[in-house]
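Student: Got these off TrEMBL a minute ago, pasting:
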type     : residues       : note
BINDING  : Asp567, Asp576 : Mg(2+) binding site
COMPBIAS : 22-31          : compositional bias 'Low complexity'
COMPBIAS : 32-42          : compositional bias 'Basic residues'
COMPBIAS : 46-56          : compositional bias 'Polar residues'
COMPBIAS : 152-192        : compositional bias 'Polar residues'
COMPBIAS : 193-202        : compositional bias 'Basic and acidic residues'
COMPBIAS : 203-214        : compositional bias 'Basic residues'
COMPBIAS : 255-264        : compositional bias 'Basic residues'
COMPBIAS : 404-415        : compositional bias 'Polar residues'
DOMAIN   : 555-905        : domain 'RNB'
REGION   : 12-264         : region 'Disordered'
REGION   : 343-366        : region 'Disordered'
REGION   : 392-415        : region 'Disordered'
SITE     : Asp575         : site 'Important for catalytic activity'
Amino acid sequence: MSVIVRFSVRFAAGTCADSMEPSPSSQGSSKPRQRKKNHHRAPKDQNVQHQHQNGPSRAKPAKQQELGDENESSPASRCGNRNRRRNQSGSESPHVDSLCTRDGTASQSEDSAGPVNRQPGQRSETPRRKNCTAAVKRQNREPCVIRDGSAESETPPTTRLTPAKQQPRKQNSTKCMKAASVQSRPTDSDSCSPHDGEEQEKKKKKRRKKRKSKAGTEEKMEGSAVCGAEKPQTPLKTNRTPQCEGPTAASPGSKNRRNRGGRRRVFEDYMTLRDVSAGLKRGELIQGSLRINPKNYHEAFIPSPDGLADIFLDGVVARNRALNGDVVVVKLLPSEQWKVVNGEECEPTPAGKGPAGQERAGDPSSPDVIVEAQVDEEQGELIRKLESVSLQSKAPATPKNGKHSSVCSTPGSTAEKTVQRTGKVVYIVEEKHSRAASGFIKFLPDKHFAMFSPADHRVPRVNVPLTDCPPDFPSRPGDYANTLFICRITHWPYDNTFAEGRLAKSLGQAGEIEPETEGILIEYDVDFSEFSEEALACLPQNLPWTIPAEELAKRRDLRKECIFTIDPATARDLDDALSCKQLPDGNFEVGVHIADVSYFLEDGTALDFVASTRATSVYLVQKVIPMLPRLLCEELCSLNPQTDRLTFSVIWKLSPKGKILSEWFGRSVIRSCVKLSYDHAQSMIEAPDKEFSAEELPACSPEHPLQRVHQAVLHLHSIAKHLRAQRFEGGALRLDQMRLAFSLDADSGMPQGCYVYQYRDSNKLVEEFMLLANMAVAHQIYRKFPKLALLRRHPWPQSRMVEVLQELCDQMGLSINLESAGTLHRSLNETVGNDQYSLARKEVLTHLCSRPMQMALYFCTGILQDEKQFSHYALNVPLYTHFTSPIRRYADIIVHRLLAASIKCGPRLRLSDEEVQKQASHCNDKKTASKRVQEMSTELFFSVFVRECGPLDSEAMVMGMLDKSFDVLVLHYGVQKRIYCNAIEGLQSFHFRKVGKRPEMTLVWAPGDLEQGTFTQEISLFSLVNVQLRSDAAQLKYSAVLRRPERPEP
């Protein structure tokens, strides 16, 4: 009967280190003599490093950590301990991994050996223990590779408790040699001399390096699933409660933590809802919407609640499985982990660690700019961000070395490094991202899954079952190399940077307009399905529909008035009309008449639910995804000419200069006399004395001759000019940005041409009266329902970013005043000049000035306590809402219901202030998604246009500069592109510098075929260059190539 004596020695703390060297804590607690004696044996920390680099492993139980360095080094004790526990429990301990062969089966050589015992008082000999077979040492340090066809995991055996008694050395040596035959190459001799041990150690180090490199590459390229039965949950849209009820497990930088199942932990557990709530109240945590840089998916940001620089999230691990748009809770990292940014245009580096080693692929994206210059349009997403604010003492300048000797500052430059706060996601409040993406699938040999690579790099790669792929995909993967698929993420494990998901459908060939468009719609969660029968049953069934007599009796009859619509030529959903007649006293009766959608869309019906879910119509280049069924959009609610229609009207008595003398709100019925396009109205404005023939304009009602319509347009134009001047004198702001429009082939739908859309006086005419109606209704519903009104606010720009932009403009010699919206508008118009490039300069300045702007948002007045927050910065008005487009915006329908209740011609809104706020937030999300889809549709069609008609030559103006690239505005097409200096053909070198905040760059061109010597080209903001747009090899991608300039005359 063997006697087991347990003993323990002091355990060196800090064994879980991030590097191959022992951690500082380990070094401080271990004896120097022990480290020297065991220098042939890898330290305990090295085991942990193998776990981190080569795959997950089972974690050590607390009991097994009660051992010292001396006992851990004994192969005999390790082998005996394994079998001792096997005999005690009847099977291998779940916390001890057996030696494995390469096919994943356990070695029987060790199983056959009995427990190894030693006589009391007998000590093992250290010199011989050091010279034991190298393969046994490898057992302690090197992971086994388990392959099951579907997953690959490298699991190092854990350290074991050492029994007090052991068999004589001969038995131990035999057992160790058997173990060596399983997993390592045979040694030259059964006996191990010190010299042989050293040589074997060197060889094994080389093999380990090679294996670690290979394992890391395989994990990165294939995203293999990790061994283990556990499948931890991630937060779902329907359940915000995190699964981990304890503190966070690891920091983003600690990737070698493991759970009890032995799987490498990549992501932290989420904090509990209770801890999150407490942290938010104490100000220790920050909640915000996550934005991931579309040009560099390693960079993500959330807005800072104090209005200062955004909080930076560095890498995928810091995002903790959150995707773009998700509402997350972030914990700030310690200040020593904050990022140092080398001025405005240089890449961020870890604080105190010198310059970054790689060029950034793009700038941190700043918040979407929404300046409501038009009633139905908001500014697009920005692609650049201002410099970070200095939150600590500024770090000393560090030189940057690039391929072409680019630098970030010059002697005398005021550019300094600033520090930006960094954080990590600890909780996902709401998954705003659809978890769907379009992309391509890749075949992985010997795997039961394929890898899905999304086209949007902000979405992780996804492992999808082979059963979801086409049946012949495993045998003919090349046939699907250009096929676009839709994948939905179903689960994202905590131990893998790759998610898990299912293929939803095959879209067709990449590069074709319809498959690409469908992919965009699915990615942004746009519902383009047909309306259900239940929803359609809510509409009038007896067609053609006529207005009931009892409804006519309730309304103001305006059918005999001269009322007309002005819309784009291709519009079919006409939801607004105008009227204007001169009164005997010289004043004017002006009316804005909006389709009364709420009459057909009753609150609480199936159709109302669908409309509230869609929230907005989505306008693509080639079609519209409607919020409402076409029967409503294009017929029953559309204010088509010479047809009786139900409307909601706002009618004013105005002076010739636009002063409001009286105001009326009410439900009405109208009959539009003519449908004008913006071109028609513009022709009338430009030719006030012309008598238009019937052929030049659309058919008009005989009751209202064209001349009367022409006169009404001129009166409206005159009043609109006064209203517009008063708005801007009162401090309003308008930031125009170029918008691309296309002419399409009637048969194929392919783009035949493109042009920059012109915003003219006819557009401004309609805009002014829509703004006037929206402001009037906002005051009306807030006056009657101060806790329930749905309004639209536009917060002031971020103050720190405004200060930085003002400093930049001052140092560039630009007279831009950013004190208020009004001063900004006036200074912009005064700065751009009056030459052929004035519009381009204004576009560049608009781009710069849009950076600090925040988003305009719908909100419920009962939620915000401070009435000052209700205001609209760009319009410079205290109250504003959306009333004029109920056919395509659900927010307008809620406003219509509120307005009807306020004037006692409709039921009271049945929603609480929380429910109104919830719908307002949903409308905000859908509006943002709709805007992005519209932009992507434009990008898609322009990419096709470049592919079919390119290359295209154009002048361009520099609108932004980084240390190794610069952005240009392509003047002929109004598109913005980035040019990377390292990719410019014929460029010998480039030198970037900053004088204060002003960026400048010198391009050094190599001599041409018939030239001698190099020559230089100086560029800065507003510089004119020549570019060529070329289609790339990748599907629907195009680049702007800088053309070689003419050599200057000597």
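Positions of Cβ are set from backbone N, Cα and C atoms, glycine also.
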Student: Sequence gap of 6 or more, Cβ distance under 8 Å: name the residues on the same chain that satisfy this around Asp575 (site 'Important for catalytic activity'), in order along the sequence.
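Tutor: When sequence neighbours closer than 6 are ignored, Asp575 (site 'Important for catalytic activity') has Ile594, Ala595, Val597, Cys637, Ser638, Leu639, Thr884, Ser885, Pro886, Ile887, Arg888 within Cβ distance under 8 Å.
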Student: Within 10 Å of the Cβ of Asp567 (Mg(2+) binding site), how many other Cβ atoms can you find? Include all protein chains, please.
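Tutor: For Asp567 (Mg(2+) binding site), the count of other Cβ atoms within 10 Å is 19.
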Student: Note down the number of other Cβ atoms within 10 Å of the Cβ of Asp576 (Mg(2+) binding site), including every protein chain shown.
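Tutor: Other Cβ atoms found within 10 Å: 24.
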Student: State the mean pLDDT for the domain 'RNB' (555-905).
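Tutor: Residues in the domain 'RNB' (555-905) carry a mean pLDDT of 93 in this prediction.
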